[in-house]
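What TrEMBL says about this protein:
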- C:6-24: transmembrane segment (TRANSMEM)
- C:7-80: domain 'Glycine transporter' (DOMAIN)
- C:31-51: transmembrane segment (TRANSMEM)
- C:63-79: transmembrane segment (TRANSMEM)
- C:91-114: transmembrane segment (TRANSMEM)
- C:92-164: domain 'Glycine transporter' (DOMAIN)
- C:120-137: transmembrane segment (TRANSMEM)
- C:149-164: transmembrane segment (TRANSMEM)
- C:170-189: transmembrane segment (TRANSMEM)
């Protein structure tokens with residue numbers, strides 16, 4: 001299923017931008033911002049890989065992820081003001097990003113042979129711990145802990161994926177439906193004014 | 001030695017409750033509280049397993065731990081006010097919990113063939129880093145760093161276990177004595193008014 | 001190349017002292033200060049080892065590192081006031097320490113067969129994440145994120161090492177030049193008044 005791979009890279013790129021912008025808001029310097037961008041983009045998948053014993057962690061053996069982050073960091077510096085104005089567009093990519101991270105987290109964990117509840121946990125970990133690490137490193141209470149819908153949407157997406165995939169055996173259909181679930185839940189929540197933060 | 005296993009599960013359950021209650025105090029939402037409960041209960045053993053190269057980390061391959069946490073989270077939500085009133089009882093379970101975590105941390109590390117000083121360090125890591133992660137994620141200075149007796153009691157328990165076990169070769173006796181050591185030290189300290197925090 | 005090993009141990013010892021002094025400033029108790037000393041000294045190498053899948057992490061199988069830390073902790077307690085006065089001397093050792101950590105981080109990662117950009121990242125991770133963890137555990141925004149020169153110097157040292165080593169194949173020459181690069185950059189920066197913090 002090749003089409004999910006570019007989505008994963010776009011999600012990584014958007015998370016990197018989100019990390020850099022947060023760091024700039026905090027008046028971090030260049031290298032500090034780069035580090036926060038990296039951690040935001042790769043933190044969730046890294047923690048998942050460490051926990052399930054996938055060694056070395058995935059992004060060390062695939063240059064595309066580092067390239068996606070490098071582009072994200074460059075874009076964040078060059079077009080910072082434009083990006084802040086395009087917050088709405090960023091939000092779409094960010095939401096697709098967390099949806100893709102959730103499903104890929106679930107699938108990576110399934111492929112490693114873990115039971116269903118562990119797959120679900122790892123889907124959420126993949127999607128949210130990049131942002132958690134970003135907030136810890138910038139000395140904030142992780143936003144996700146006070147904005148329920150973000151992790152809840154991931155959880156719902158993971159449940160939908162696991163349910164559909166075990167019923168139908170159709171990976172692509174299950175993936176698309178799960179991604180749509182995350183996006184719809186988050187959009188409805190935002191419409192009701194719960195949150196519009198990028199990369200929460 | 002089967003009798004230590006239920007104690008380990010009870011310790012896990014109590015740590016999960018402690019994490020959820022801290023998160024609720026901080027006005028975290030449902031999913032945020034669940035994550036803090038998980039991290040508090042499993043963080044110490046997870047860091048130990050990562051460091052000593054036990055892969056995947058232990059709780060991924062044993063459903064009882066996740067079940068203990070699920071029960072703890074449920075209890076914390078259903079009986080929150082009662083639990084806060086029963087703080088004294090919680091404190092007993094919590095103290096037994098850290099004692100058990102310490103001894104099991106030492107023994108897991110010994111079983112993996114590490115030298116005695118590493119076993120001691122890993123005993124303390126197992127017992128205290130769940131609480132440390134909880135405090136980091138809730139943006140607090142880890143309480144343990146300012147309330148000496150908690151980690152000191154674990155350290156003493158680890159020394160007692162390692163000493164007795166190498167002298168006598170009796171695992172059960174050494175375990176019981178080490179647990180008693182941790183409990184007595186912490187109780188005496190609390191009697192003198194040093195601390196009564198649950199799951200510090 | 002035996003001469004780099006004692007430098008690595010001295011760097012570890014100095015980082016341990018830096019951690020303990022920070023913890024004492026924060027009014028941490030004895031055991032809390034010890035833990036911060038440990039984490040500061042071993043955190044960077046530990047995170048690198050976990051990421052590249054070096055299992056168990058290096059310091060668990062080499063008693064010299066724990067010994068270096070134990071001596072550092074002891075010195076920090078016995079000669080605290082003298083050390084604070086000798087800040088200038090500490091700064092020299094600290095700078096050599098981060099330089100050595102950078103080069104050893106790069107070389108450890110190369111030896112494990114990773115591509116050049118991963119080696120560079122791991123060099124920086126080895127040098128700076130001990131301090132980052134220290135700051136996270138003491139509930140500070142990591143100093144390094146606001147004092148650019150520290151990580152930048154490591155990055156430059158890593159680039160110099162990788163460039164020279166691939167051109168010349170001379171490990172010792174490349175290592176010495178890279179260390180000198182880090183030291184000179186940091187010294188020039190400090191001369192211009194950017195930072196004189198120990199173990200930033």
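Each residue, glycine too, has its Cβ placed from N, Cα and C.
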Cβ pairs under 8 Å between the transmembrane segment (C:149-164) and the transmembrane segment (C:31-51), at least three:
no
Short question: which residues 6 or more past the ends of the transmembrane segment (C:31-51) have a Cβ under 8 Å from it?
12-13, 15-20, 22-24, 57-59, 65, 68-69, 72-73, 76, 101, 105, 108-109, 122, 125-134, 137-138, 199
What parts of the chain pack near the transmembrane segment (C:170-189), using Cβ distances under 8 Å and only residues at least 6 beyond its ends?
1, 4, 95-96, 98-100, 102-103, 107, 149-150, 152-154, 156-158, 160-161, 164, 195
Residue counts in helix (H, G, I), strand (E, B) and coil for the domain 'Glycine transporter' (C:92-164), per DSSP?
61 helix, 0 strand, 12 coil
Treating G and I as helix alongside H, and B as strand alongside E, what does DSSP give for the domain 'Glycine transporter' (C:7-80) in helix, strand and coil?
63 helix, 0 strand, 11 coil
